[in-house]
Structure formats: structure tokens, C-alpha cells
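Engineer: Okay, handing you the structure first.
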Ligand SMILES: NC(=O)c1ccc[n+]([C@@H]2O[C@H](COP(=O)([O-])OP(=O)(O)OC[C@H]3O[C@@H](n4cnc5c(N)ncnc54)[C@H](O)[C@@H]3O)[C@@H](O)[C@H]2O)c1
């Protein structure tokens, strides 16, 4: 079984890792060799961690790496694929172009999946000549650790293709869950309004950053508070998904909090920019409030 993974960033290298570890031949595709080398280095590091924890044998690590080939040409990389999983940058036009190209070069029988967090599967499927074979395969970060695959059926996705993707996800040791294609699917439709509400709660002065995160951590047994999680996801990503929900569902309850909008405009994006609700300039191990939110 041959799998092509498009994009070797945060999600793509994790997706390539789990497929290769479970015996699939993986063609990993990105736009240049440095991006591929970085993805492979991350896979190597994560496999080393599994070996040192005792959850993977050294020989399995070598075999896993041996199943991954790298390609800078998309048309070559997808040529023998039975399944293509697209995990390139979250941008509609970019993804539509990638799917037009995959559709042209991948074998006729190949299933085309996307790991998009927020773009309509139906819209992506519509630019191909095989909409019944296009589906969402939404892995969670970090891919080798997280059990869920949200399997998203587009308007035209067939029962057979859905069943095959559910089965392949199980072969990876994951728990696939079938949902339909509406804005935010299930994961982000529920998670993002919760994060947005936490920001509204802060904005209205109901409580401070630490208090909000403590209530949700200790009171709801969440592993981290919603504001810390927003910093990890990236406030720009949270805002973009809230806009998809607001535009797509047309309900004012999904309006992004003005504080979230302001923080994104100010470049305070969370971990990736060094500051969001917390300050991350010292690393991600310790929680330090951003200067602005100290009370
Ligand atoms: N990061 C997350 O927590 C997360 C979780 C679930 C889903 N997603 C989704 O996964 C996808 C990838 O996100 P990411 O966080 O891994 O992004 P990323 O920025 O880490 O990686 C994207 C990769 O795609 C590559 N790329 C861009 N254009 C390409 C092209 N034309 N052909 C081949 N490769 C190309 C880039 O060079 C980069 O290496 C997005 O659709 C995102 O919404 C992300």
C-alpha cells in the first residue's frame, strides 16, 4: 500500500511517521529539499524518543525510516499512490491548486485526503474529477501521540471510500470518527468557540488569564487552559477558524472576540511569536504571564 503525504511540516512529518511505522510505503513531498530534510530530522528525533521509552525497537525505527522516500516534485511523488494525504499550508487557493495537480497525476483509483482544519472538503473535491474519492482525514497534533482521526465526508464522498479510510486509520492504531462536512467539522466547531469565549471572558474583565485557565484545568480536568492552548495553536489560526465558523454558519455567536482580533493585528500570536496570553521567550516548559495581562 503506497501513501503520498504532501507537506513535511508539523502535521505532514507526523502523518508520514505513523504510516511508515505501520508498514505503509510513504512518499513525502514538499516544495524544497531543506523542508524535506527538516521533516525527516523531526521523524528521526520522534522515533528516537519512542525507542528510548521502550515503545519501539531500534530495528523498527530503521525499517520505518527505510519506508519513507522524499520528493520535491508532486507529480512524481503521487504517481504510485493508493492514498494521498495533503498536509500543506492552510490556504484555500494553494490547496485547490494542489488537488487539481494530484487529480491529474495520481492513479485513477487513489483516494485523495486532506488534513485541513477548516477548508470545506466539498469545495476541494469539486476541483477534482473524482469527488466521490475525496475525504477529510483530520489528524491531531502531535500526530504520533494523539489517537483521534476526524474522518470528514464531503457532500459526494462515497460509503466505500469512507469505510476504507476508517479502516486505514485503525491500521495506524488510531480511533477514526466519522463526521460530515460543515464549517469547523466537529473538533474545531466545539473547541474554537470555547477558546473564543475564554478570550471574551478575559476581555470583559470577568477574570484574569491564570484564573480562567485554572478554572478549566482543575474544574474541567482539561490538560491545559483554553488561553494557553490558544497560544500553542497560534492566535492567527484561532482567528481564521472563528471567521470560517462565523461566515459559514452565519450566527453572531461565532463572532471573534475583538481582543483576539487586536492581538493578531499586533502580531501577538502565542508561542510562535514569543508572546500571546503568556510570554514564551524563555521556552514552553514554564508558564509566565505576558506583561500586559499581569494584574
Ligand atoms: N498544526 C496543527 O496543530 C494542525 C492540526 C490539525 C490540522 N492542521 C492542518 O494541517 C495542514 C498543515 O499544517 P502544518 O501545521 O503542518 O503547517 P506547516 O506550516 O508546519 O507545514 C506546511 C508544509 O507544507 C509545505 N507546502 C506548502 N506548499 C506546498 C506545496 N505546493 N507542495 C508541497 N508542500 C507544500 C510547506 O513547505 C511546509 O513544509 C494545514 O491544513 C492545517 O490546517 C494543522
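Glycine too: its Cβ is placed from the backbone N, Cα and C atoms.
Summarising the annotation, TrEMBL assigns NAD(+) binding site to 7, 8, 9, 10, 11, 12, 30, 90, 95, 117, 141, 272. Summarising the annotation, TrEMBL assigns domain '3-hydroxyacyl-CoA dehydrogenase NAD binding' to 2-181. Per TrEMBL, domain '3-hydroxyacyl-CoA dehydrogenase C-terminal' is recorded for 184-280. The annotation site 'Important for catalytic activity' is assigned in TrEMBL to 138.
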Engineer: On a count of neighbouring CB atoms within 10 A, which of the binding-site residues 7, 9 is highest?
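Structural biologist: It comes out as 7.
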Engineer: Which number gives the other C-beta atoms within 10 angstroms of the C-beta of residue 141 (NAD(+) binding site), all protein chains shown included?
Structural biologist: 12
Engineer: Per DSSP, residue 138 (site 'Important for catalytic activity') is which: helix, strand or coil?
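Structural biologist: In three-state terms, residue 138 (site 'Important for catalytic activity') counts as strand.
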Engineer: Using DSSP and three states only, what is residue 95 (NAD(+) binding site)?
Structural biologist: helix
Engineer: What count of other C-beta atoms do you get within 10 angstroms of the C-beta of residue 138 (site 'Important for catalytic activity'), across all chains shown?
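Structural biologist: If we count other Cβ atoms within 10 Å of residue 138 (site 'Important for catalytic activity'), we arrive at 24.
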Engineer: Hey, what's the widest CA-to-CA gap across 7, 8, 9, 10, 11, 12, 30, 90, 95, 117, 141, 272, the NAD(+) contacts in the record, in Å?
Structural biologist: 23
Engineer: In whole Å, how far does the CA atom of residue 11 (NAD(+) binding site) lie from that of residue 138 (site 'Important for catalytic activity')?
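Structural biologist: Rounded to a whole number, the Cα-Cα distance is 10 Å.
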Engineer: Count up the helix, strand and coil residues in the domain '3-hydroxyacyl-CoA dehydrogenase C-terminal' (184-280) according to DSSP, in that order.
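Structural biologist: Breakdown, helix to coil: 66 helix, 4 strand, 27 coil.
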Engineer: With an 8 Å cut-off on Cβ-Cβ distance and a minimum sequence separation of at least 6, pull the same-chain contacts of residue 95 (NAD(+) binding site), or say none.
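Structural biologist: Within the chain, residue 95 (NAD(+) binding site) has Cβ neighbours under 8 Å at 86, 88, 114, 116, 119, 124.
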Engineer: For residue 30 (NAD(+) binding site), what residues in its own chain, 6 or more apart in sequence, show a Cβ-Cβ distance under 8 Å?
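Structural biologist: The answer is 6, 7, 8, 9, 12, 36, 39, 70, 72.
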Engineer: Per-residue pLDDT averaged over the domain '3-hydroxyacyl-CoA dehydrogenase NAD binding' (2-181) comes to what?
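Structural biologist: Here the predicted model's pLDDT, averaged over the domain '3-hydroxyacyl-CoA dehydrogenase NAD binding' (2-181), is 98.
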Engineer: When DSSP states are folded down to helix, strand and coil, where does residue 7 (NAD(+) binding site) land?
Structural biologist: coil
